[in-house]
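Asker: This is the structure I have questions about; it appears just below.
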Amino acid sequence: MKLPGQEDFEGSDAHENVCSEQLDGDLGPGSGLDGPSDIDNGKAQGCKDPLLFIQLNELLGWPQALEWRETGRWLLFEEKLDIGAGRWSAPHVPTLALPSLQKLRGLLAEGIVLLDCPARSLLELVEQVVRVESLSPELRGQLQALLLQRPQHHIQTTGIRPCRRSNAFRKASRDEDTLLKHQNPLRQKLPPGAEAAAVLAGELGFLEQPLAAFVRLQNPVVLEPLTEVVLPSRFFCLLLGPSTLGRSYHETGRAAAVLLSDPQFQWSVRRASNLHDLLAALDAFLQEVTALPPGRWDRTARIPPPKCLPSQHKRFPSKLQEVTSLSRQSAALAENKHHHGPHTPIPELQRTGRLFGGLVQDVRRKACWYPSDFLDALHPQCFSAVLYIYLATVTNAITFGGLLGDATEGAQGVLESFLGTAVAGATFCLMAGQPLTILSSTGPVLVFERLLFSFSRDYSLDYLPFRLWVGIWVATFCLALVATEASLLVRYFTRFTEEGFCALISLIFIYDAVGKMLNLIRAYPIQRPGSPAYSCFCQYPGTGGNASEFDSTMFKDTEDVLNVHPGLVNASFLPPSECIRQGGYPRGPSCHTVPDIAFFSLLLFFTSFLCAIALKHVKNSRLFPSVVRKVFSDFSSVLAILLGCGLDAFLGLATPKLLVPTEFKPTLPGRGWLVSPFGANPWWLSVAAALPALLLSILIFMDQQITAVILNRAEYRLQKGAGFHLDLFCVAVLMLFTSALGLPWYVSATVISLAHMDSLRRESKACVPGEDPNFLGIREQRLTGLVVFILTGVSIFLAPVLKFIPMPVLYGIFLYMGVAALSSMQFMKRVQLLLMPRKHQPDVLLLRHVPLIRVHLFTAIQLACLGLLWVIKSTPAAIVFPLMLLGLVAVRKALEWIFSPQELLWLDELMPEEEKTIPENRPEPEHLFSGNDSENSELMYQPKAPEINISVN
C-alpha cells in the first residue's frame with residue numbers, strides 16, 4: 001500500500017521537508033527525519049515538519065451542563081489529567097485498545113474530511129464542519145454553539161487554581177485565562193515554529209448517529225480557545241456520537257491524538273490529498289501496532305519514556321529514504337568533520353605533503369575562530385568552569401610540585417610548579433589549536449623526571465644542565481614530528497589504546513589521592529588506648545615516680561589523678577595545659593597530638609568526594625527545579641570544596657591546609673632562574689642527552705596526542721576543529737622554555753582536560769515533557785583556561801585565602817576526578833560483565849553481536865596490558881615506559897589475528913587498513929551499552945550529552 005505523498009514525491013515540492021542541513025547537520029544520531037528528537041535545539045524548522053502539540057478536549061456534563069474540558073495532551077508522549085489530584089501526569093508512552101483504532105477508522109471513513117481547508121478562524125472552521133445533511137438547522141445551531149464554547153483548560157501554575165468554576169466566574173476571568181496561557185510553563189518548552197492540533201471528543205444525547213470530521217488547514221491559524229498554549233493550529237478532529245455505555249469516545253479521541261503524535265502518520269497526513277491517503281496512513285500505523293495480551297499486564301500502568309527508540313527514518317517510504325540518504329551524503333561532504341566516511345580522514349588528519357604543511361593548515365583553520373574564542377566565553381557557565389578547574393589546577397600544581405621536590409631533592413619544587421603551570425598553561429591557551437586542553441604535570445612525565453634525576457645523582461652529573469639538554473633534544477624531535485606531519489599517526493590510536501593509557505592516568509589519580517590520605521594519617525596517627533607509643537606523662541620537677549608504677553594504678557576520675565603522689569601523671573587524664581599550669585612538664589610523643597585530626601581528615605576526604613558525585617548527578621534527579629539542579633551540577637566540585645571548608649572551620653581542628661609559596665625565588669638555594677647549558681657536566685653529555693630525549697619524546701607525543709584525540713572526538717560536536725600539529729608545536733616550544741628556566745615539563749592532562757570540557761557542556765533549554773535535555777556541544781573558547789592559569793600564577797599572593805582550604809578536601813576532589821573518569825569508560829563496563837552472572841547481564845547491543853567469551857577475552861587482554869603498564873611504571877624499568885605506551889598500538893594491531901573485523905568494530909574501533917574490509921553501509925555501534933528493546937535500536941532517540949569521560953560511549 002502506498003503511503004500518501006509517495007506517488008508525487010518526485011514533484012516540485014519533493015524536497016520541502018528533506019533539507020540536508022537539517023537531515024544531518026551537527027546533531028548526530030536522531031537528527032533529520034529520525035523523529036522529533038532534535039526539535040529542542042531552537043533552530044529553524046523550515047526544512048522539516050514542525051513539532052505538533054496535540055490537545056484532547058472532552059465533552060463532559062451531559063445532560064445537565066455541557067462543557068469542554070481538557071483531559072489529555074501530547075508532544076512526544078502522553079500526559080493525562082489526573083482530575084482527583086488536579087495535576088498532569090508524568091509523560092508516558094500511550095497505550096491504545098485496538099477497538100478504538102478500528103472505530104476511529106470507521107468514523108473517518110464515513111465522516112467529513114477537509115484537506116487544505118481555507119478557514120481563517122474558529123467560526124469559519126465550525127461552520128464548515130457542521131454542514132451535515134442529516135442534521136436539522138436547529139441541531140446545527142446547537143452544535144455550532146457547543147463547538148464555539150470556550151473549553152476549560154488545566155494550566156498548572158505556582159499558585160492554587162481550582163479545576164471547576166462557576167459560569168459567572170468563568171466570564172469574569174477570561175482575561176486571566178489569556179494571561180495564564182501566555183505564562184504557561186509548557187509554552188517555554190516548545191521550540192519556535194511549533195504548531196497545534198485539537199481533538200474534540202464526546203457524547204451528545206440529541207445525536208442519532210456519529211459525527212466525525214478531520215480538517216487540515218491550508219495555513220496554520222490560531223484557534224485560541226481550543227488549546228491551552230497559544231499556537232497556530234494545523235489539524236482539527238471532531239468525534240461526537242450518541243450516548244453509549246463506558247467512555248468509548250474518550251478512547252477514540254485518544255486514538256486520534258496518538259495518531260497525530262506519530263511522526264510517520266503526521267508526515268503522511270501533511271501530504272495527503274484525499275480520504276484514501278488518510279486511511280492508508282492509518283492502516284500503515286495499524287500494521288506496526290504491537291498488541292499485548294490482556295492478562296499479562298495492567299492496562300492502567302503508565303510506561304515511562306524509553307531512553308532509546310528505533311530509528312524513525314526506517315519507517316518512512318523507501319523513496320523518501322533514498323532522497324534522505326542522498327541528502328545525508330551531501331551534508332556529510334559539506335561537514336565531513338562531524339560525519340566523515342569510513343575511508344576519508346577528517347581534515348585535520350589529511351596529509352599535505354609539504355614541510356610543516358599540517359601546522360600551516362591548523363593555523364589557517366583556527367585563525368578565523370580566534371575572535372569568537374573570547375566572545376563565546378561571556379557566559380555564566382564559564383565562571384563555574386574557572387572556579388572548578390582553577391582549584392583542580394592549583395591542587396595538581398601543589399601535589400606534583402611536592403612530589404617533584406621529593407624526587408629531585410629540592411632542585412624543583414612547588415614554586416617552580418606554580419610558575420611553570422601559569423606561564424606554560426596561559427601560553428598554550430592563547431596559541432594552541434585546542435584551547436580546551438589543560439596543560440599540567442602528569443604521572444608518566446613525573447616518573448621520567450625521577451629516573452633522570454636518579455641517573456644524574458648516580459653518575460655525579462649536574463641535574464639541571466643535563467635536563468636542559470634533554471629538553472632541547474625533545475623540542476627538536478617534536479618539531480621534526482610536526483614538520484613531517486607525524487600527528488597523522490593518531491588515526492591508529494583506537495579506543496583500545498586510549499582506554500589503556502587513560503585508565504592508567506585515572507588509576508594514578510586514585511592512587512595518589514588515597515596515598516596522600518594514608519601519609520596524612522601516618523603524620524597524625526590515631527591514638528589507641530593503652531598503646532605506649534601514644535602515651536603522654538606529666539613530670540613534676542624534683543619528684544620521683546616512674547611510668548610502670550603509674551600504669552599499674554587505676555583511677556576513676558581526674559580528682560584521683562591530681563591527688564596521686566608519684567611524679568608521673570598520665571596526661572590522658574591530665575591535659576598538658578593543666579600539667580603546665582601546675583608546674584609540670586608534658587613528656588611523651590603524643591602530648592601535643594590532636595587525636596581527632598586523622599578521623600576528621602578522613603571525614604573531609606569522603607565528604608568532598610561523595611558530595612561532588614551527588615551534586616554532579618542531582619541534575620538527573622527529580623529533586624528541585626531544573627534551574628537549581630543545573631546550578632548544583634555545574635558547581636558540584638566548587639560546592640563540595642566550600643562544604644568541606646565550612647565543616648573544617650566550624651569544628652576548628654588543626655587539619656593540614658593548602659600550602660602556597662609566599663616568596664618568588666627558586667626552591668634550590670644558590671641557583672638563578674636561567675639554567676647554565678653545561679655547569680659541571682662534560683661537553684659530550686649534550687650529545688648523549690639525545691638518547692633519553694628520544695624516549696621522552698615518545699612519551700610526550702603519546703601523552704599529548706592521545707589526549708587530543710579524546711578531546712576532539714566527533715561525539716563532542718566541536719565546531720571549531722582540532723589542531724594536532726599546532727598543539728604539538730606549542731608543547732615543543734614550551735618544553736624548550738621550561739627546560740631553560742628549570743621548570744617542570746608540561747603536557748596535556750587527560751583527566752583535568754576532560755573535566756574542563758565537562759564543565760562547559762551546552763544543553764538545550766527547551767525540553768518538551770518526557771524528553772531529556774539535548775546535548776548541543778561544548779562551549780569552545782580560550783578565556784576559561786587563560787583565566788585559570790593567570791589565577792594560578794597570582795595564587796602566590798592569594799595565600800591568605802587559600803590557606804583555609806584543607807588538603808583532605810582537595811584529595812577528595814582528586815579522587816572524584818579519577819573515579820568519574822574511570823567509571824564512565826566502556827572498558828570498566830566490560831570489566832563489570834566479567835563479574836556478573838550471565839542471567840543478570842544487561843541486554844546491550846555489544847552482547848547481541850559478539851559472543852560473551854570473545855568480549856571477556858578482549859577485556860582480559862586490556863587488563864593484562866594495563867597491569868603491565870602499572871608494573872613497569874612502578875619499577876626501575878620505568879625508563880622503557882614510553883616504549884610500552886607505543887606498544888599498546890602494536891598490541892592492538894596484533895589483535896587482528898585474534899578477532900575478526902566485525903568483532904573489532906563492536907569491541908573497539910577499526911584502524912585505517914581494517915576499514916577497507918567492512919562495507920561502507922556498516923552499522924555504527926555508537927551506543928554499545930544502551931539497553932535497547934529492538935534489534936534496530938542502534939540510534940539514540942534523544943541524543944544526550946555524552947559523559948565527558950575517557951572513552952565516549
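The backbone N, Cα and C atoms fix where each Cβ goes, glycine too.
According to Swiss-Prot, the compositional bias 'Basic and acidic residues' annotation covers 916-927. The N-linked glycosylation site feature in Swiss-Prot is assigned to Asn546, Asn570, Asn932, Asn949. What Swiss-Prot lists as region 'Disordered' is 20-41, 916-938. The feature region 'Membrane (anion exchange)' is assigned by Swiss-Prot to 385-953. According to Swiss-Prot, the transmembrane segment annotation covers 385-405, 413-433, 470-490, 501-521, 594-614, 635-655, 682-702, 728-748, 785-805, 807-827, 869-889, on the basis of sequence analysis.
On this model, are these features tucked inside or out on the surface, and what's nearby?
Answerer: Sequence-distant neighbours of the transmembrane segment (413-433) (same chain, 6+ residues past either end, Cβ-Cβ under 8 Å): 362, 365-366, 393, 396-398, 400-402, 404-405, 439-441, 659-661, 663-668, 721-727, 730-731, 734, 737-738, 741-744, 746, 782, 785-786, 788-790, 792-793, 795-796.
When Cβ-Cβ distances below 8 Å are used as the criterion, the transmembrane segment (470-490) is approached by residues 345, 349, 351-352, 355-359, 452, 686, 689-690, 692-694, 696-697, 700-701, 705-706, 708-709, 724-725, 728-729, 731-733, 735-736, 738-740, 745 of the same chain, each at least six residues removed from its ends.
Residues 399, 442-444, 598, 601-602, 605, 656, 702-703, 706, 710, 750-751, 807-808, 811-812, 814-815, 817-819, 821-822, 825, 827-828, 866, 869-870, 873, 885, 888, 950-951 of the same chain lie 6+ residues outside the transmembrane segment (501-521) yet bring a C-beta within less than 8 angstroms of a C-beta in it.
Distant neighbours of the transmembrane segment (594-614): 517, 520-521, 524-527, 636-637, 639-641, 643-644, 647-648, 651, 653-656, 806-813, 815-816, 819-820; these residues of the same chain sit at least 6 beyond its ends, with a Cβ under 8 Å from one of its Cβ atoms.
Among residues of the same chain six or more beyond the transmembrane segment (682-702), those with a C-beta under 8 A of the stretch's C-beta atoms are 444-445, 448, 452, 455, 461, 466, 469-474, 476-478, 481, 486, 501, 728, 731, 735, 745, 747, 879-883, 885-886.
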Asker: Between 385-405, 635-655, 785-805, 807-827, 869-889, who has the most Cβ pairs under 8 Å to the transmembrane segment (728-748)?
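Answerer: Top-ranked stretch among 385-405, 635-655, 785-805, 807-827, 869-889: 385-405.
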Asker: Can you work out which residues elsewhere in the same chain, 6+ from the ends of the transmembrane segment (385-405), have a Cβ less than 8 Å from its Cβ atoms?
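Answerer: For the transmembrane segment (385-405), the nonlocal Cβ contacts are 412-418, 421, 425, 438, 440-441, 446, 449, 512, 516, 635, 637-638, 641, 658-660, 667, 744, 749, 752, 755-756, 759-760, 784-785, 787-789, 791-792, 795, 802, 805, 810, 813-814, 817.
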Asker: Across the region 'Membrane (anion exchange)' (385-953), what does the pLDDT come to on average, as a whole number?
Answerer: 77
